[in-house]
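K.L.:
Heads up, here are the entries from TrEMBL:
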type	residues	note
TRANSMEM	C:12-34	transmembrane segment
DOMAIN	C:62-280	domain 'ABC transmembrane type-1'
TRANSMEM	C:66-87	transmembrane segment
TRANSMEM	C:99-123	transmembrane segment
TRANSMEM	C:129-148	transmembrane segment
TRANSMEM	C:178-198	transmembrane segment
TRANSMEM	C:258-280	transmembrane segment
Amino acid sequence: MLENEALNTDNAPLRNIYRFGENAEIALSTHDLHVFYGDNEALSEGDLEFERYKITSLIGASGSGKSTFLRSLNRMNDNVATVKGQIMYRGIDINSKEVDVYEMRRHIGMVFQRPNPFAKSIKDNITFALKQRGMRDKNKLEEIVETSLKQAALWDQVKDDLGKSALALSGGQQQRLVIARAIAMKPDILLLDEPASALDPISTSQIEDTLLELKEKYTIVIVTHNMQQAARISDYTAFFHMGKAIEYDETRKIFTRPKVKLTNDYISGNFG
Amino acid sequence: MDQIRESLLKTSIGTKRERFGRSITMAALILIAVVVISIFYFIASKGLSTFFVDKINIWDFLSGKTWNPGTTDAHGKPEVGALPMIVGSFLITVLSAIIATPFAIGTAVFMTEISPKNGARILQPVIELLVGIPSVVYGFIGLTVIVPLQRHIFGGSGFGVLAGTIVLFVMILPTVTSMTVDTLRSVPQYYRESALAIGATRWQAIYKVILRAATPGILTAIVFGMARAFGEALAVQMVVGNAPILPTNLTSPAATLTSILTQGIGNAVMGSMQNDVLWTLALILLLMSLVFNIIIRVIGKKGELK
Amino acid sequence: MNAKLTNKIATAVLYLIAGLVILLLAGLLGFILFNGVPHLSWHFLTSPSLAFQAGGGIEFQLFNSIYLLFITMIISFPIALGAGIYLNEYAKQNIFTTIIRTAIEILSSLPSVVVGLFGFLLVVVKLQLGFSILSGAIALTIFNLPLLTRSVEGSLKSIPDLQREAGAALGLSKWETVIHVIFPAALPSIVTGVVLSAGRVFGEAAALIYTAGQSAPALDFTDWNPFNAASPLNLMRPAETLAVHIWKINSEGIQPDAAQVSAGASAVLIIAVLIFNISARWIGKALYKRLTSAR
């Protein structure tokens, strides 16, 4: 708190965006990103970089553009909004027509706020997309079902009834199944849009544990309205306000010594 | 170069399947549109040749009172006055709708406001079943019950406007009732509650609030029923008498556009004037169904504005 | 007159109207069933109709109705499914979509006799398919398409977008998601719609008298080669259906027992509609249970 008070409001910058060093491995970055819903600009100048094998949180009040930003990253907004600017992934701009959007989404997966398992068995939920991509080897499929369920910390609870309908699971279990389904595709990057906001505290903490384990193998970007959650699990945090990324820094710094007054106001609960 | 990067720039199997799916579903949709357009094209081109090929005056056709396509009148013109059928169709349609309306609204109000339990348990399934009954069955009942009854009471052949009206009334009653029920059910519950809360009796709530709110939907139901009645062919043809003369009273035999059409189309040679005039009747039917469609749309738009 | 008295009178009138309508509808059903059911027998259902004598059955007409319904559904379901999928999943709000929706709306309100005449003109005469099962099935398809398309579209619409997003986030194309996720989830309600439309098709006559024809040539139930003239499966033979038969014998028939035959055939039609109505709900519910149950 002392450090917070040290923030000199007169000299505070209006924006502060963290830049990674030369050696950092950047999994995904955006340049001059603008999102329009019709004529309304919902997001502008989202210039952010995401480091590999780290968890990055996007925080901000509702309507701040954080979800819009996240959903643009794997082009889930294509049908509802106009997205301008570049999204660089492995040296190519994936926000261009040359890039195959379905192939791209296999590498940049997404998990949503409300659990959305298919009305199929637990097993089929995981294998379905793989089968569509031509994987027929039964042993391999079974192996993937097991490993991805284990990674999502669901295996022990469902291993005896994999044939059961996924809709019979509890909300928290459904959300972990959805995470297992996403990682079964072996993506590079996992985008999560408030994945725990519809869940009870116990399920939430289980999901957080899962994410911390997944970090070993995946780059994770997560939108959350829960600041404690962002502080607990993420390495970097970006604060969004009125369609702009205002401050982006190491999570530790954001929550202890923010450089921008707006960020300070937000995390100390003065608005939002 | 890494593999993922390369695969991103190739066309994936997903994209190929998407293109395929999008194309075939669009083709299915376009097929339906093409069918609709060709119905209009074929029937209009046939129906209009009465005027353009056979050179029959359109006014004479619409206002002529004698229908006898095989013969010519004193001036050497063919006797193709369609007025009796036009009048017959409208008369029977309007009469059946007039009779059906109070019964349909009354029953629907009973089902939704007075006795919702019995309404849902007994009336609803029966009405749904009757909506699905083939029209020839209504025609057959008309033939075996209504026609003898009319003959018994009013004399004559028993076939005629009255029999046609009653058959159509019974036929459209389930449809109009079930559509009215849907409309009444969509009136928000708080309309009823607030009316009753300010001391209105149940009837006042029904008459002053619920029926007012549901008026556009009820009108739509009635027009829908009229459209069905106007286009019904076989049930009417079985009981109306098929005499193309202007009806003088309710018990006199008459004809409708549909009844003359179903009876005649098999007997006249394609391309002859006798055949062309029948297609003109079909064209009138087609245009009338368009008119009913537009009326329903206009009512719907007005209802939205409220 | 005071409000309470009006209320009482109005309620009484409403009871009276509802009572009359119940009486009318019950009488209608009762009339058909009481007149028709006694005439139903195995003999009636399985012997050919007779043109001049009493005692004929409805064997061929019943078979024709079922076969024609089957062929109609085979043609119309894929088209309605495709059109329904496009309308609900792909169509954007633009002038093209508005025009097509209007066209479908108009098609659904066309009198069936007009549809039949169009079928006669285009399929029977221009395409020279003659009075045949195929011509009839095409006319019935046109008659059936708008309602079936709308019912498919409605069924797909009831599946939440969450499921579509789930597919998209896994890198599946919309088509793959629709076929393997949305369609199965919507299947119970789609099947209900199909069975209900089948009931409508089964009883339709006006669209058929000039397409499938008004005669029922003898069928040889031992010959299942669809290319033989007498084979029940032959698509190019004329086929009078049950509904057309009722119309035909009542307007032109000379059978002495026309009334009894019609009553029996009407009862069969009504029982069929009843079966379609009940099974539509039952199958829909059973499918839904199977899809969502914890197996």
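Using N, Cα and C of the backbone, Cβ positions are placed for all residues, glycine too.
Because TrEMBL annotations are produced automatically, they should be read as predictions rather than curated entries.
Keep in mind that this is a model prediction, so the values were computed, not measured.
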K.L.:
By Cβ distance under 8 Å, which residues at least 6 away from the ends of the transmembrane segment (C:12-34) in the same chain are close to it?
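P.N.:
Same-chain contacts beyond the flanks: 263, 266-267, 270.
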K.L.:
If you count every Cβ pair below 8 Å, which range out of C:66-87, C:129-148, C:178-198 shares the most with the transmembrane segment (C:258-280)?
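P.N.:
The listed stretch sharing the most Cβ pairs with the transmembrane segment (C:258-280) is C:178-198.
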K.L.:
Residue list, the transmembrane segment (C:66-87) vs rest of chain: Cβ under 8 Å, 6 or more residues beyond ends.
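P.N.:
Distant contacts of the transmembrane segment (C:66-87): 97, 100-101, 104, 133-134, 136-138, 140-141, 144-145, 148-153, 155-156, 178, 183, 190, 194, 198, 201-202, 208, 212, 232-233, 235, 239, 241.
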K.L.:
Which residues of the chain, 6 or more past the ends of the transmembrane segment (C:178-198), have a CB below 8 A from one of its CBs?
P.N.:
69, 73, 77, 81, 85, 89, 144, 147-148, 151-152, 154-156, 158-159, 163-164, 166-167, 172, 276-277, 279-281, 283-285, 287-288, 291
